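Worksheet: one structure, shown below.
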């Protein structure tokens, strides 16, 4: 009979957190979540799936568990629900179940997507910026293709991968972009434990947005809101027509967008981002003087965490076994 896993003290848990100064009350709440990990895992659809953002969410003694990183990730879930342990626990269970079903690491590191999709985005990793949590950025170039054509080919579950992963190719590509970017953050570093997003609407009509694009955007917003808490530092909306800029303020007035969320938004009529990222980091398209294009600035090779690699290896083995079972 195995011995019960020892519980962590409030002081021990508090000392692992480097991203912020935890109050004693918040540290107590986080300790509750940490010590309830076995219970959380027991309530999952698959109790063996314990990965979030490529890191193992399990008890201290398990292989691959980085206690400090694990606790920082758990803290994000807790903070997103205003330190309500019950709500945070439910969010964790839902996220682990979603990851077990969706396999976002596969979308990021195993699956191949059409060039039309890959041209829609990029990931940059700048250094030496004056503001925190702007180092890692995901870029979305909505004008890179025709939305109608894009969603006819890659939306609404069209052209899903051969092993029938959940979601459309567009959704899996976009989630994969997010997952890749998270491998570049340091969850223990208050200056680099979040990412920024740039949404470039150059050449996109804000009045004739394709219905497929609207539906996909709505789905992605929900998935990110549910499963990627406290990971966004700033969201830039650039090349937005002047006539549309008032919409964000209007949403705030009627309560659709909260004050906290609105503070993360930067809505620009132009594409000049030098105030935040500096001229030397950006190509002329975004106000800079770098001779590198966005394609060249894109971080093409991103290494997955050791536990993430292990998860993908196990997933591959399971799929091979499933194929063998079908043949037999």
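Just so you know, glycine gets a Cβ as well, placed from its N, Cα and C.
The heme site in Swiss-Prot is built from 142, 174, 199, 201 plus one of 101, 115, 235, namely 235. Residue annotation for heme gives 142, 174, 199, 201, 235. The furthest Cα pair among them is separated by 16 Å.
Its Cβ placed at the centre, residue 235 (heme binding site) has 16 other Cβ atoms within 10 Å.
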